[in-house]
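For reference, Swiss-Prot has these:
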- Ala53: Zn(2+) binding site (BINDING)
- Cys9-Cys23: disulfide bond (DISULFID)
- Cys15-Cys51: disulfide bond (DISULFID)
- Cys27-Cys38: disulfide bond (DISULFID)
Amino acid sequence: LQIPDDRPCTNPGRCPLVPDATCTYTCKAADNDYGYECQHLWTFEGQRVGCHA
C-alpha cells in the first residue's frame, strides 16, 4: 500500500479566518477501502489553524 505523500493543495481556495495560511493535502493510514484517508490541513507559521468559525 502506498500512502500518498503530503503535497500542496491543488485547489484549496482561501482560508477565510487566516488569509495567509498555507494549505497542505495530507494523507494517513485509515481503515477504509483505500487504506488511507486524506484531508486539507491549513497551517500558519507552523501552527495548525481553522479556516471556518
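The backbone N, Cα and C atoms fix where each Cβ goes, and this holds for glycine too.
Feature map: Swiss-Prot annotations on the structure.
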{"residue": "Cys9", "record": "disulfide bond", "DSSP class": "coil"}
{"residue": "Cys15", "record": "disulfide bond", "DSSP class": "coil"}
{"residue": "Cys23", "record": "disulfide bond", "DSSP class": "strand"}
{"residue": "Cys38", "record": "disulfide bond", "DSSP class": "strand"}
{"residue": "Cys51", "record": "disulfide bond", "DSSP class": "coil"}
Spatially closest candidate among Cys15, Cys23, Cys51, the listed disulfide-bonded residues, to Cys38 (disulfide bond) (Cα to Cα): Cys23
List every residue in the same chain as Cys15 (disulfide bond), at least 6 positions away in sequence, whose Cβ is under 8 Å from its Cβ. Ala21, Cys23, Trp42, Val49, Cys51
Residue pair Cys9 (disulfide bond), Cys27 (disulfide bond) - Cα distance, angstrom, rounded: 12
10 Å Cβ neighbour count around Cys27 (disulfide bond)? 17
